[in-house]
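Asker: Dropping the structure in here first, questions after.
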Amino acid sequence: MAASPEQFRGQARLPRCASPLSYDLRLRPDLAACAFSGSAAVAVAVSAPTRFLVLNAAELAVDGSSDLVPSEVVQFEEDEIVVIGFGQDLPIGEGVLKMDFTGTLNDQMRGFYRSKYEYKGESRNMAVTQFEAADARRCFPCWDEPAFKAKFKLTLEVPSELVALSNMPVIKETVHGPLKTVYYEESPLMSTYLVAIVVGLFDYIEGSTLEGTKVRVYTQVGKSNQGKFALDVAVKSLDLFKDYFATPYPLPKLDMVAIPDFAAGAMENYGLVTYRETALLYDELLSSASNKQQVAITVAHELAHQWFGNLVTMEWWTHLWLNEGFASWVSYLAVEALFPEWNNWTQFLDETTSGLRLDALAESHPIEVDINHASEIDAIFDSISYDKGASVIRMLQSYLGAERFQKALASYIKKYAYSNAKTEDLWAVLEEESGEPVKDLMTTWTKQQGYPVIYAKLDGHDLHLEQAQFLSDGSSGPGLWIVPITSCCGSYDAQKKFLLKGKTDKVHIDLTASQNAGGEKGENCWIKLNVDQTGFYRVKYDDELAAGLEKAIKANKLSLMDKIGIVEDSYSLSVARKQTLTSLLRLLNAYRNESDYTVLSHVCLGIDKISVDAAPELSRDIKQLLINLLLSAAKTLGWDPKEGESHLDVMLRSLLLIALVKLGHDETINEGVRRFHIFIKDRKTNILPPDTRKASYLAVMRTVTTSSRAGYDALLKIYRETAEAQEKSRILGSLSSCLDKDIVLEALNFMLTDEVRNQDAFYVLGGISLEGREVAWAWLKENWDHVLKTWPSSSLISDFVKSTVSRFTTEEKAAEVSEFFAGKTKPSFERALKQSLERVRISARWIESIRSEPNLAQTVNELLQHDM
């Protein structure tokens, strides 16, 4: 028999000999002292002989007692566990463990924390929880793993004037002078990471689903009208998901709350979803069209989790993608149904693109990752779990067909409701319902990292296909996939589908349909693989096929998704040195008459940035080529909104003006500055609506220097005067875009002041100009200890590393960065650092390759002449 608590150290997971059935929790937050105390009575089932109860606790002082008196209570802080030892083995069966504990309401946006807000001109604290992934243990001692589902009954003691919310509805409140005690209904079985508490001053608005479920949006006092749009999306999404999953919403109510300090975008706590303000609030006069879209997608994503994640929960964090990939995919399904005019599935390719870009790194990871310590979990909340996860689900749905797929999902939800599932459980249900080899097919996509590039070569009537793992560094990995290949030839009417199971295969293609009467190859003679980009792979066409597709783009024969796929694949193949930048520029020229938002958002690639380092003498001309590509669409739209124009045109205006400013187009910059001057004299003017403000702010920052800084000061004044989070984020993202290094430094130092919430640092980091990269790196080195202390969470600290390191393009810089971080690396940002260094080295090789392209200057010149 184990004699000592020491044996439980260094384990990935808690022992299984005892598990919680229900928690009775009482919490008393003290908002003035920034502390809390609490007590827990946990019904525990002991299923195997043990004299220890081992559970999670971090940054808490814990006292334990139970029906039997414990002989010792030992906490191991680095393992985040508390071991409660007894003199003899605990009896098999149920008992009650009682604990008292105290902790700090921290300012790190995790566990039980405080968030600042203004009320009647004074600053106050609210108390908020954020437990995913492994931070419930910072609020109360618990079995803090998703598979230990239990029922939760909460009681809160709070100041009587405050609103106190939790997952379940309030049963009763009793007031004792300045304090009140609030009792909540017991929850159904759920995981600890979904427990939630919010205590503060709020207004709310309310709606109701067709089934009669009450839905509320809580906002800061005076902002409740900004919750209307999210409320409408929420009510309709709940109705839609109830039908899609063929299962009613599992709880009696749903609350959504805007929190001023919030590390992620939002969190799907069961029945009490928390959001950062920019992800929940929408104001007709102050928000942009892209803000509106972001709110809709985020709300739909979090509400999808109420089924996929909360009702059925992943068994362990290895299967995180089951939560996030599915919620991402299904949020697009919901928003497409609610707002068909947004062309949402085409915009979904933004997700696929970011998944493909990250997964082309050697330092990527499989969708399913082994997790051996709580500190590793945060790092996998990334583009692989979300975007690749969602994209392979779209690929599978498109292979199986929408109806079969939906029926199988409904069966899966019913089968695993109120319990936990692994990836294999989902494949088994899908296989059973569809009769297709789902497990074999999908295992190749979730258990190994990366994805293939398919080389396509036409030989007579045979299309030869060969797969190889695609890596941005130009090498080829060992991976092999079962690839759902789709193709069409000359038209979308007859599509072929098959599974590529080996390294190579060939397909017979009937070319007669795509030839003109004289048997010559006309503009309909094109072959497109991966129709509408439903597959998670890239395609490299031989020269003949590529030329056919270029003609088809010019003749406007291809779908929006296929136009996006071709340009994205071509850009990535160029980065990997599998084709030249010269050929990429020729291809881009075929998009000159494009006027669709979804396509043009993918055409504004990073070519201008790489050209500054690779070919400084051509950089200006390459920027001019890109300006020419966007200018006619920009001129058509202009700066001013037009009566009755579409949502996508509003998005496009903003996209084009920002791109033109960043490319240094003088006319656009001057107009942006002109409008800004009118705007600062009269904020009520309609000369600068929210959709064009970012372009104008960036234009202003391009004209600012240390000796002429009025524009910077004017933006700071707006920042200080506005109460709107979306407006603040627009300004923060512009300040660091200045071409003057000293101003960039000033913006970075401003980010460290208490005028900028820690959650908003990434806006400043994301805006850093190419001219500011050296000063930003020097600044990070100097402030590293402070940064690490202030932003301990993985996603936030990773932003600092990625934003400053990834912009470099030389081997020397990569070596310097590696040297600085030697001995400083922590699990929270290790993956981000390795990926950033890999990106720097990929850029360095790409630059070398661009410098040796013989026809680049000549091609740029020809294309410019052509534009005149």
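The backbone N, Cα and C atoms fix where each Cβ goes, and this holds for glycine too.
A TrEMBL annotation is a machine prediction, not a hand-curated record.
Pulled these features from TrEMBL for this protein:
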DOMAIN    20-194  domain 'Aminopeptidase N-like N-terminal'
DOMAIN    229-445  domain 'Peptidase M1 membrane alanine aminopeptidase'
BINDING   His301, His305, Glu324  Zn(2+) binding site
ACT_SITE  Glu302  active site, proton acceptor
SITE      Tyr386  site 'Transition state stabilizer'
DOMAIN    526-841  domain 'ERAP1-like C-terminal'
Asker: Once His301, His305, Glu324 are set aside, which residues in the chain still have Cβ within 8 Å of the Cβ centroid of the Zn(2+) site?
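Answerer: So the additional residues around the site are Glu268, Glu302, Ala304, Phe308, Gly309, Asn323, Phe326, Ala327, Ser328, Ser331, Tyr386.
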Asker: So for Glu302 (active site, proton acceptor), how many other CB atoms are inside 10 Å of its CB?
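Answerer: I count 27 other Cβ atoms within 10 Å of it.
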Asker: Can you tell which of the recorded positions His301, Glu302, His305, Glu324 lies nearest to Tyr386 (site 'Transition state stabilizer') in space, using Cα positions?
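Answerer: Nearest candidate: Glu324.
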Asker: Measure from the CA atom of Glu302 (active site, proton acceptor) to the CA atom of Glu324 (Zn(2+) binding site) and give the result in Å, rounded to a whole number.
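Answerer: Spelling it out, the Cα of Glu324 (Zn(2+) binding site) and the Cα of Glu302 (active site, proton acceptor) are 9 Å apart.
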Asker: Summarise the model's confidence over the domain 'Aminopeptidase N-like N-terminal' (20-194) as a mean pLDDT value.
Answerer: 95
